[in-house]
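Enquirer: The structure's right below; bear with me while I get my questions together.
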Amino acid sequence: MNGKKGSIRIDICLPSDIVVPEAVKKPITKVPSPRKWLCDVWEFARQDTNRVTFALKVGLACFLVSLLILVRAPYDIFGTNIIWSVLTVVVMFEYTVGATFNRGFNRALGSVLAGVFAIVVIEVAMSSGHIAEPYIIGFSIFLIGAVTSFMKLWPSLVPYEYGFRVILLTYCLIVVSGYRMGNPIRTVMNRLYSIAIGGLVAVLVNAFIFPIWAGEQLHKELVNNLNSLADSLEECIKKYISDDGSKHPDFSKTVMDDFHDEPAFGKCQATLNSSEKLASLANSAKWEPPHGRFKHFFYPWVEYVKVGNVLRHCAYEVMALHGCVHSEIQAPYNLKCAFRPEILDATNQAAELLRSLAKDVNNMKWSFQASLLKRVHVSTERLQHSIGLHSYLFTTNHEDSSAKAQLKTTRFVSFNLKNFNNESNEPEGMVTGNTTTPSAPIEAESYHEMIRRQQRRLHSWPPREIDNFKDDENVVSDLMPRMCALESTTFLSLATFTSLLIEFVARLDHLVEAVEKLATMARFKEQIMN
């Protein structure tokens with residue numbers, strides 16, 4: 001007995017030869033070294049230098065606002081209310097200039113409305129006497145909280161959700177603190193002045209010191225999505241055409257890994273996931289003044305989102321093509337090679353059209369894409385004609401007829417031999433009267449039995465060993481239709497792949513129309529293609 005009174009400690013000594021299971025052992029977590037952590041930070045900052053710029057600007061804005069507290073003169077004027085300037089900078093400073101303007105508008109409008117409501121309620125409460133004053137203030141807080149929380153859920157008012165939250169927060173703090181501190185009107189005005197100072201500092205620092213414009217970010221994002229989809233399409237088609245089935249990965253493993261090792265899949269997935277980012281950037285860009293290459297008012301930022309939506313529908317087809325690349329049922333390699341020139345031609349023309357659109361949007365110069373679009377359609381029509389001309393390759397009826405003939409011959413010979421042996425009740429090869437049991441049918445039966453076993457193995461899906469089949473005469477007749485159907489499915493998988501490619505090309509027409517509308521409304525310079 002050791003330790004405190006009444007406690008018992010039992011020491012158990014385990015033999016050294018006992019092996020502790022792996023599940024019991026605690027996992028050893030490796031702590032990243034400071035050098036590796038610094039390398040990761042450096043790489044993260046190097047990928048986008050605007051991240052460093054944004055961080056430094058936030059630090060500068062907070063420093064400038066804090067001088068109002070550190071310096072004695074401003075602090076003597078505003079007192080402790082100057083802390084609202086720091087709070088305003090923290091919650092209002094956003095990554096882009098447009099987002100900061102949007103947040104600042106919501107902040108200013110919410111603060112002004114909250115101040116007006118607070119002044120009105122305080123005047124009414126003070127004129128009602130000391131007994132009714134706390135009840136009026138309490139009921140007003142309940143009413144403002146309920147109304148603002150309900151209105152920010154209204155669909156058309158969702159973009160102003162932050163403004164309603166500012167109204168509720170500012171109103172509650174002003175009314176409650178003014179009720180206890182005395183002179184509530186002066187408290188309201190000082191806090192509004194502090195909020196205005198913080199908002200002005202945030203806007204000036206963000207807009208005039210290395211500004212990060214949401215419109216420029218939106219423009220680059222759309223261009224990158226067009227180029228990424230073109231690269232993803234080409235890489236996907238090349239991998240499908242060059243896949244001979246020797247290195248086809250296990251489907252369960254590819255599903256678990258989610259194809260992270262394939263750049264083409266990652267690019268296509270990034271394009272699909274960019275819709276929310278495009279909408280957010282467009283909403284922020286609407287608040288920005290004319291700047292850089294976007295020099296006229298009411299720039300059509302919404303058209304960028306519409307082009308992104310059409311591009312996302314094209315990316316759906318590319319994602320489906322990736323699914324065909326990793327599907328369990330694959331077309332024979334020789335069949336892929338038969339249509340290889342037509343598929344590659346259609347793919348290259350479509351990718352060239354996408355890159356041409358990306359170049360036009362990037363340079364803000366519109367060149368009529370009639371010639372490129374016509375070449376894409378010609379290559380697609382050539383692919384469709386080739387599929388129609390060689391449609392017999394997608395069926396296996398000509399192979400099934402010979403297999404069925406062999407099966408019928410096998411079953412006929414086997415049936416005659418069984419009847420003959422049952423009637424004679426004598427061993428094979430013995431003489432009955434003047435008739436001897438022929439040995440040729442026995443050789444034919446063994447030959448056709450071998451053919452039948454090979455048919456079972458080749459036409460089964462998934463492939464099965466020969467010994468897994470039962471030696472029943474009705475097995476082949478029952479399995480052959482299903483085996484042939486599954487075999488034809490492998491050929492039809494190529495037809496599915498080509499149909500998805502043709503559908504992708506068909507959707508490019510809508511993409512060209514969307515980009516043309518953007519070029520018209522954004523006043524792109526027109527140029528004639530050679």
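Placement of Cβ uses the backbone N, Cα and C atoms for every residue, glycine included.
When I checked TrEMBL for this same protein, it listed these features:
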type	residues	note
TRANSMEM	54-75	transmembrane segment
TRANSMEM	81-101	transmembrane segment
TRANSMEM	108-129	transmembrane segment
TRANSMEM	135-155	transmembrane segment
TRANSMEM	162-180	transmembrane segment
TRANSMEM	192-214	transmembrane segment
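Context for these features, please: burial, neighbours, distances.
Expert: Long-range neighbours of the transmembrane segment (81-101) within the same chain, counting only residues 6 or more positions beyond its ends whose Cβ lies under 8 Å from a Cβ of the stretch, are 50, 54, 57-58, 61-62, 65-66, 68-69, 74-75, 107, 187, 190-191, 193-195, 197-199, 201-203, 205-207, 211-215, 217, 281, 283-288.
Counting same-chain residues at least six beyond the ends of the transmembrane segment (162-180), those with a Cβ under 8 angstroms from any Cβ of the stretch are 103, 105-107, 109-111, 113-115, 117-118, 121-122, 133-134, 137, 140-141, 144-145, 148-149, 151-152, 187-188, 191, 195.
Long-range contacts of the transmembrane segment (192-214) within the same chain, counting only residues at least 6 positions beyond its ends with a Cβ under 8 Å from a Cβ of the stretch, are 50, 53-54, 57, 60-61, 64-65, 68, 78, 81-89, 92-101, 104, 107-108, 111-112, 115, 170, 281-282, 284-285, 288, 291-292.
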Enquirer: Below 8 angstroms Cβ to Cβ, which residues of this chain, lying six or more residues outside the transmembrane segment (135-155), approach it?
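Expert: Result: 117, 121-122, 124-125, 128, 161, 164-165, 167-168, 171-172, 175-176, 179.
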